[in-house]
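Chemist: Can you read through this structure? Questions will come right after.
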Amino acid sequence: MDLFEYQGKQYFARFGIPTSPGAVADSVEEAVAKADELGYPVVVKAQVKVGGRGKAGGVKLAANAEEARQHAQAILGMDIKGHVVHRLWIERASDIAKEYYASFTLDRSAKLHLCMVSAKGGVDIEEVAATDPGAIARRHVDPVDGFPLEAAREVVAAAGLDEAAREPAAALLVQLWDCYDQGDCDLAEINPLILTTDGRVHALDAKVSLDDNAAFRHPEWAEFAGTETEDPREKLAKEKGLQYVGLDGEVGIIANGAGLAMSTCDVVEQVGGKPANFLDIGGGANAAQMANALEVINADPKVRAIFINIFGGITRGEEVANGIVEALGRVEIASPIVVRLDGTNAEEGRRILAQVPPERLESRPTMIEAARRAAELARQRA
Ligand code: GDP
Ligand code: MN
């Protein structure tokens, strides 16, 4: 679960990470009232779960109430990369001497945590990584060893942070580790981490992603729920208990098993199609599951064709075929379907599927042929 900046800063505060005093506001009036309380100058910040708010005009300094009003008016309702701003974070403005970068995340390929610090903060870190990779100091962290102050001092020095910032930045980095580790984050990122003109180091931004697998030991995370901006397709899939990930393409995909579902996405891409989703229907693939899966894919307005890719193991081919036929009776499907059914009792399954009119459903004997046909149908119906 991704947090809004203000929630990330609240989370940081639990671990002692310094941030600026601030308050949320959902209207222009509330924004001005909060700004008056905080004292000027303030920063008016769009709360959306997407980066680059500053560049998009979603972060503005206000020297007085009149400016706070103007900025709040302009930013509320603004569309930032498809995210509409419904909430503002107003905070006391900082006098910035330097902008740095600091983060902890999981390096899956190394099977270790990764700490990254850079003296080049405030800008897009992916761009720094691409154009000036030497400007980012990296250090892997073994969860058994943790991240002691000595390690923090070394990273901060390697990153070339200004002398005045090093000790407070190292202390903050240890707190950020505690937040990431004890707080069960997938990502805890501060960009920019600033050195103020009066020599303090604190977090000016917060990007926190919580590890949903750890939710069971964090009842307090409930306060963050409900503010999620979820893909409506993923929401529907979750309600129906399906393993679904929304993608951008036109070919809806249903497969049994996560590995096969991923391969299906790859093969559709390979033949020039674009997958609309990843969907693993699981082992059973019975009529109810198939109907649920078809319903979720049917609700995606971008879908032009559907590719059902089933390899029967324990699930027998005729069960799957009956499931599909029954599901088609329950749900009115807008797109043509291409099925590749193989494995146990596949022939019997294909015989059952042959009863469905070809304009609604076609079978293909192999994965690649089925992918080609689905991609072709999607193109024809674009
Ligand atoms: P992002 O663009 O979504 O990453 O939003 P940030 O919270 O990182 O803000 C973007 C930029 O706005 C920062 O890099 C700063 O340069 C500037 N900014 C944010 N808060 C303040 C502040 O309190 N004072 C000043 N002077 N600039 C700020
Ligand atoms: Mn930022």
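Glycine is no exception: its Cβ is also placed from the backbone N, Cα and C atoms.
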Chemist: Where TrEMBL shows GLY313, ILE314, THR315 binding substrate, which of ASN256, ASN277, ASN292 is named for the same site?
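Modeler: Same substrate site in TrEMBL: ASN256.
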Chemist: Please list, in sequence order, those binding-site residues from GLY52, ASN191, ASP205 with the Cβ less than 6 Å from ligand 2.
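Modeler: Checking each Cβ against ligand 2, the ones under 6 Å are ASN191, ASP205.
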Chemist: Could you check which of the binding-site residues ASN191, GLY313, ILE314, THR315 is the closest Cα neighbour of SER94 (ATP binding site)?
Modeler: ASN191
Chemist: Which secondary structure state does DSSP assign to ARG53 (ATP binding site), in the simple three-class scheme?
Modeler: coil
Chemist: Under 6 Å from ligand 1 by Cβ, which binding-site residues from ASN256, GLY313, ILE314, THR315?
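Modeler: The binding-site residues passing the 6 Å Cβ test: none.
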Chemist: Around the C-beta of GLY52 (ATP binding site), how many further C-beta atoms are within 10 angstroms, looking at every protein chain?
Modeler: 12
